[in-house]
Structures are given as structure tokens and as C-alpha cells.
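**Q** This is the feature table in Swiss-Prot:
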type     : residues : note
CARBOHYD : ASN107   : N-linked glycosylation site
CARBOHYD : ASN138   : N-linked glycosylation site
CARBOHYD : ASN267   : N-linked glycosylation site
CARBOHYD : ASN290   : N-linked glycosylation site
CARBOHYD : ASN401   : N-linked glycosylation site
CARBOHYD : ASN422   : N-linked glycosylation site
SIGNAL   : 1-23     : signal peptide
Amino acid sequence: MVAPGLVLGLVLPLILWADRSAGIGFRFASYINNDMVLQKEPAGAVIWGFGTPGATVTVTLRQGQETIMKKVTSVKAHSDTWMVVLDPMKPGGPFEVMAQQTLEKINFTLRVHDVLFGDVWLCSGQSNMQMTVLQIFNATRELSNTAAYQSVRILSVSPIQAEQELEDLVAVDLQWSKPTSENLGHGYFKYMSAVCWLFGRHLYDTLQYPIGLIASSWGGTPIEAWSSGRSLKACGVPKQGSIPYDSVTGPSKHSVLWNAMIHPLCNMTLKGVVWYQGESNINYNTDLYNCTFPALIEDWRETFHRGSQGQTERFFPFGLVQLSSDLSKKSSDDGFPQIRWHQTADFGYVPNPKMPNTFMAVAMDLCDRDSPFGSIHPRDKQTVAYRLHLGARALAYGEKNLTFEGPLPEKIELLAHKGLLNLTYYQQIQVQKKDNKIFEISCCSDHRCKWLPASMNTVSTQSLTLAIDSCHGTVVALRYAWTTWPCEYKQCPLYHPSSALPAPPFIAFITDQGPGHQSNVAK
């Protein structure tokens, strides 16, 4: 995959120069095509493209013989682009979009057919987002189940790098299409993203109207490649330095994927974004991830809002997958638990004050020892997508009384005189499997601290106690599941009883050692 990106990176300036010298010609943006999904109400969908400076462009939306609306604009001289914002449309279709350029009484007409209105989601990240349906559990069954989802349309962006922000995509691996077993299972780590497809399928089952899915991902890539220079500067990310060879296998240069694979989409009206990335930062700028990730979210939101003429919500819903596990990393390595924590901006949960309107799928219990693609690529993407869609239903669609996150303590009470810590959760808890090592306390004595296991003592429906009598000093902190491989497949100790959502990892500091001291951890 690197070679094509390098080749295209070399010829790209020549291609763009040749097009511009010829006036670029009259065309839609690269991703406006037959079978596409445009964002439904309350937002207006953006239609744009390139043309001859000074020409008038009329965009017509038709359904059968009926004209639904017309919008008129002109081609901007400085960019050779034109753009219109359609009136908000109810979900449904199909429609035809026609664009006509008029200059000195000469007309050129473009048409795209079978256009639907629904919700458009962008899916991005590295290889776990890039894994195709062909690579997951029960692939044959999943690939045969496409006929019922012809209103879920898919598009996959080609892996391309660029030194500067591009206005339009250079290439598309899969143009807007109806799902088939062929385009959903097109090889390994190509197209279409399994997480993206399964997430969209769950949304369609719930919403019963069209869903558009855009996959733009590249394996082995750090967050710096997906971030604009603005957001990296805001976090004080140092200029390109050495990168551990085992952390990054794809493009790593700052902003090159933002420039070529995300920025060209920013004129599009979106419903939201789903993100699965972080493995390539476990040994690279790890300590900055609690800034670079929230900064990426903020920058993408601002850029898409501005690019779509204010049609994409300023704080559109942003979903993330918290990292799973990897057998190749030592259990003592801190990279995986650190990134999991930083994925929440060090709150342990989302949404939070630094990451508003976000939702998260915990995946640390979906480990896969026997994955032929390496344990870092677990094959159970169905559960990932299911957990993601619960968050989307709650945050993006406002569904009430829906459990979409696992239990997290809201209070920790130190009972030092009894040798206990008491944890009170804001949700009900269920002990799936007792593990006396997954909770750890930081025990300090003579200015030296070490982490010791704290075994589970008693458990009730919403609280548990931990034995801390192994600490002969001062207990200053508590952490849960702070390891690369916390448990076997769906066998972590704590889950929500009815939703089967795992308790997420956390770390909490205990600052007061008085009897009965309480520390707030979550919400």
C-alpha cells in the first residue's frame, strides 16, 4: 500500500497542473456520483464541483418528471469551483441531480442518478478500521446479507498522501455503490471497512432510512498524519522526529493524510464521524495523545462546519473505539492503557468537558489470540459496531433510557482502618469472572511507590470492596484494567448486567488519607 501512495505523490503535482492549465473543465467533485447518499434534513446537502470561471451553474433536483428545486450559482475565478446548498430534504429517494453550466450560450450538462437522502457518516483511522468484512468472524454470512441493505450506500477513499491541503480527492477506490459481497469483501485491508459497514447496518435497522458510509483509513498510521498543522501546533507536537519501527508501518509524516484523505471531503454535509486509531501512538507521542485526539476532533468539526457553509453541525457527533489488545506487547508495557486513557482526554469516560458530544465503544475485552492478522487485529468487529451504534443512538439521535456505556465508579471511599476500599458505581455491575489482579493500588512508603494487586472482597449490585491490607504504607491511587491484555475474550471481571457492556479502564488518585475519605472518579 505504501508504493501506490508514493507513486501518486510523485505524479500528483503534474496531474493538478495539467488540469488547471486546461481550465479544469466542468465536473462534479470526485465523490458526487450515482448511488450516493446526501445528508437529510435539518441540514442542507452541499453540491459542488469545478467549471469555467465566470460561467453560470444551475443545479436541479428531480424525482421522476418532477422538479423539486433549482439552485443557481457561478464559478469562482480564483478557485474554478462552484457550490450550492440544497434545501433540507426528508429521507428517501431516489432522485436525480443535474448540473448545467452556461457560458456565452453554450451549455454543458452533468447528471447523477439514484441519489438518496439520509444520514452520512465518515469512518476513519488505521488498520482496525481498514479491515474488510472478508477478514472478520462469520465473513461468509455477513457477505451474503446485503440484499436487505440496498439503501446503505458505501464509498471508499484511496490511500493517498499530500504535502498541502487538497480541495478534492485525487482517487477513490470504491465510488458510491450499493453493497455487494464483492465490494464489501475486496481483499484484506482494502475496502470496504467492516466496522463502518456493520455500524451503518445497525443504524439502518434502527432508523429505517438511507445511510451513507465513507471509509477513509490507512493502516499503521499515527494520529499526527490525520491531523492538520493547526491542531498539532496547538498541542505543541514537536516537528517530525524518529518513530519506533514497530509502531508505524504506514505514512507518518505530519498532516499528509489529513491533506489528501480528509480535507477534500470537508465541503460535504455530514451527520457524524467514527474513528478507530491509536495503536500507532502507543510508542510515539503517547503523552501528547490526550491533547492531539481532542484537538483533532475539534479541528475536524470546525473545518467540516465551515466547508459545508455551516450545514454540518459545529459539534457533530464523533464516535471512537477504545483500543483492544495485543499479545506482542509485554503486559508491563504502559502504551496500550495510556492510549486508552488518553482517548478519553484522561477522564475515563465520554462525553466529557474536553470531548463534548462524543461516544465510545470499549474493545479491551474483544481480544483474539488466534487472529491470522495478528492479535492487534481482532476479528470480532460485530461487537465493536454494535457498541458504537448504541452510543450513536444515545448521543447522535437522542434516544432516551438507553444504556450505551459500561459502569464506572462515581465514588471511591478509603476505609484504611478496615483495610478496604469501597467503590460505588453510577450503574449496576455484574461480576463476570473474579480476578484478583485487575484492580491495583499504588502503595507508597518512604517516598517509594509500587503497584500491588487489590483483590475483590464483597460485591453488591452497585458497589464492591477491595482488600488493601497488602499495602503497609499509604494508598495513593487505584487503577482498573491497566494492562495491554486485561482479560480473555468477553471475560473481563465487570460488566453492566443487562447490556453486557464492559466497565472501562480507569485510574484515580486518592489525595486525602483521612478515615472515610471519598474520591470522585466519574460523572
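In case you wondered, yes, glycine gets a Cβ from its N, Cα and C as well.
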**Q** What is the separation, in Å, between the Cα atoms of ASN138 (N-linked glycosylation site) and ASN401 (N-linked glycosylation site)?
**A** 31
**Q** Between the Cα atoms of ASN290 (N-linked glycosylation site) and ASN107 (N-linked glycosylation site), what distance do you get, rounded to the nearest Å?
**A** 53
**Q** Within the chain of ASN107 (N-linked glycosylation site), which residues six or more apart in sequence place their C-beta under 8 angstroms from its C-beta?
**A** GLN100, GLN101
**Q** Using the alpha carbons only, what distance in Å do you get between ASN422 (N-linked glycosylation site) and ASN401 (N-linked glycosylation site) once rounded?
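**A** With distance taken Cα to Cα, ASN401 (N-linked glycosylation site) is 27 Å from ASN422 (N-linked glycosylation site).
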**Q** Give me the Cα-Cα distance between ASN401 (N-linked glycosylation site) and ASN267 (N-linked glycosylation site), rounded to a whole Å.
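**A** So the alpha carbons of ASN401 (N-linked glycosylation site) and ASN267 (N-linked glycosylation site) sit roughly 35 Å from each other.
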**Q** Would you count the other C-beta atoms found within 10 angstroms of the C-beta of ASN138 (N-linked glycosylation site) for me?
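**A** The answer is 12.
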**Q** Quick one, of the glycosylation sites ASN267, ASN290, ASN401, which Cβ has the fewest other Cβ within 10 Å?
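**A** Comparing Cβ neighbour counts within 10 Å for the glycosylation sites ASN267, ASN290, ASN401 gives ASN401.
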